[in-house]
Amino acid sequence: MSNEQTFIAIKPDGVQRGLIGPIISRFENRGFKLVAMKLVSPPQSQLEQHYADLSDKPFFKGLVSYMLSGPICAMVWEGRDVVKTGRTILGATNPLASAPGTIRGDFAIDVGRNVCHGSDSVENAKKEIALWFKPEELISWKSATFDWVYEKA
């Protein structure tokens, strides 16, 4: 187990549907700590860089267009194994394959409107955080609930 950070984004459909609060609650209730958050309308170039690994896919242009369609709630969460556990909280990329109780299992139907993005590895989390946030935007703080969430520091 390691203490790490992950990048989580609530996509335009999630923002438009008023899901920012419920999604934040899922991460807070699990015991993770929010260290950065902003509502942004990123430029196309930033989205193309974020999804560069998908640039050869037929759905790439549609994905970028969809991500440009409204504001995105960009966040950085911190905690033990937050990358892997965060992906579990989000559910499978295809909402129809997501278990009930996951964000996508509860709030999404179509893969093209799957509400949120989460880093898939610690390495990618670092890249995504650097793409979306300046270092000074990440706030270092100790949650009052830390000792109630973690047995050992």
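Placement of Cβ uses the backbone N, Cα and C atoms for every residue, glycine included.
The ATP binding site annotation in Swiss-Prot covers Lys11, Phe59, Arg87, Thr93, Arg104, Asn114. The active site, pros-phosphohistidine intermediate feature in Swiss-Prot is assigned to His117.
When the alpha carbons of Phe59 (ATP binding site) and His117 (active site, pros-phosphohistidine intermediate) are compared, the span between them is 16 angstrom. Residue annotation for ATP gives Lys11, Phe59, Arg87, Thr93, Arg104, Asn114. The furthest Cα pair among them is separated by 22 Å.
In this view, Asn114 (ATP binding site) is surrounded by 23 other Cβ atoms within 10 Å of its Cβ, with every protein chain counted. Between the CA atoms of the residue listed as 'active site, pros-phosphohistidine intermediate' and Lys11 (ATP binding site) there is a gap of 7 Å, rounded to the nearest whole number. Long-range neighbours of Arg87 (ATP binding site) (same chain, six or more residues apart, CB within less than 8 Å of its CB): Gly118, Ser119, Asp120. Counting every protein chain shown, the number of other Cβ atoms lying within 10 Å of the Cβ of the residue listed as 'active site, pros-phosphohistidine intermediate' is 20. Annotation note: Arg87 (ATP binding site) sits in a helical segment as assigned by DSSP.
For Lys11 (ATP binding site), the Cβ neighbour count at a 10 Å cut-off comes to 23, with all displayed protein chains included.
If you draw a 10 Å sphere around the CB of Arg104 (ATP binding site), it holds 24 other CB atoms from the protein chains shown. Around Thr93 (ATP binding site), the C-beta neighbours below 8 angstroms that are at least 6 residues distant in the chain are Arg104, Val111, Asn114. Taken residue by residue with DSSP, Lys11 (ATP binding site) is part of neither helix nor strand, so it is coil.
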